[in-house]
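Everything below concerns the one structure shown next.
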């Protein structure tokens, strides 16, 4: 009797539990909202609900830039090498890029918790260069922040490949700027470099475009040729050599009397000119660098330093870098760009004014776009084709190359003129190669005669400065 009562009670309890289960469990499932999978990128825009804190015992894998390029890591995974236990809350507020795709920042912001922005160093078509403090290595670095536009991002990845190739073979790190790291931050490729001094162009500009002493030009020219020879040995062509892309390693400089201005009154401080305390330089900006086997029919180089074969469209290769070096050496000696122009016909007319007529065999090979600059075979359509009187004056005021150099160089002028004539030969097949130029008497004679290297401190009254 009692056992039947117990069985009835048990069945009643089971029915109640079954009823509750059928009612409550579906209610809980409907009530529970589905959650989206959280993005693993710490710098993403904040979600509506804060993600759960990561477990303290979990150590995530270490990701590096090259793994992203090879596709081993999905794009939404941020390279964890910049986390290293730093708080993820260090991300600055999410700001939209400007209309040109430049990254918008405020001094004091962080690029990942590792890098804090100190100042803006410069801006170009590629993006911006920011001075940052590396919280991990406790050093100041320069970070190139690329615009968030596909073509610039793709060019940046090519530059990273070139930089890693150059760094891998440059054991001493003395020729080209050293890449420290790279990462993708809010759709901006960021390349971390060692911090260097000002460019040769910036130094000239801040020095009122006063020329460098010939001994300093010799040291700068030797290092520049060594850098380019190193690149050419790796079958790389820089294609954009100019004073803006040559950086002094140190920002320190000194003031010395400028004897050219001592005979007449001038404005504040113009009795003196600045000289770098160290002549050490490094080559930068490899975004336009190309390999020997790639197509070489498009336009390269900044206008003032562009070789004639590029303008004529007859194809270019390693020699286009040597032409640019010749133009740079003239600029360092004189303080002014050799060919200050912005149009092809005027540029070719300036070349003929300084270096003589273009060779007919190059003119006859010119592409269709360049045929309009010539008439009656290989004769340049000048001055008839000049667009203005100012253009005519700009060409006519230029002296021949030997006269131009002798206006600014007191000694070693003969060797320098001969070197420049070899670097500025029209026919690229006859132009000096980088290592051939390094063996020129302009560089070797100083060693044979035991001439000491450039000394920026020859005077007892000097003022040490730092840019």
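Along the chain as shown, residues are numbered 1 onward.
Just so it is clear, glycine is given a Cβ too, placed from its N, Cα and C backbone atoms.
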Query raised in the report: Of the candidates 136, 138, 144, which does Swiss-Prot annotate as part of the ATP site that also includes 121, 122, 123, 124, 125, 126, 127, 128, 129?
Result: 144
Requested in this report: Return the residue, from the listed recorded positions 123, 240, with the maximum count of other C-beta atoms within 10 angstroms of its C-beta.
Outcome: 240
Report summary line: One of the binding-site residues 121, 123, 125, 127, 129 has its Cα closest to the Cα of residue 240 (active site, proton acceptor), namely 125
Query raised in the report: For residue 125 (ATP binding site), what residues in its own chain, 6 or more apart in sequence, show a Cβ-Cβ distance under 8 Å?
Result: 152
Query raised in the report: In sequence order, what residues of the same chain, 6+ apart, have a Cβ less than 8 Å from the Cβ of residue 127 (ATP binding site)?
Result: 102, 103, 144, 145, 146, 147, 152, 188
Query raised in the report: For the binding-site residues listed here (121, 129), which one has the lowest count of neighbouring CB atoms within 10 Å of its own CB?
Result: 121
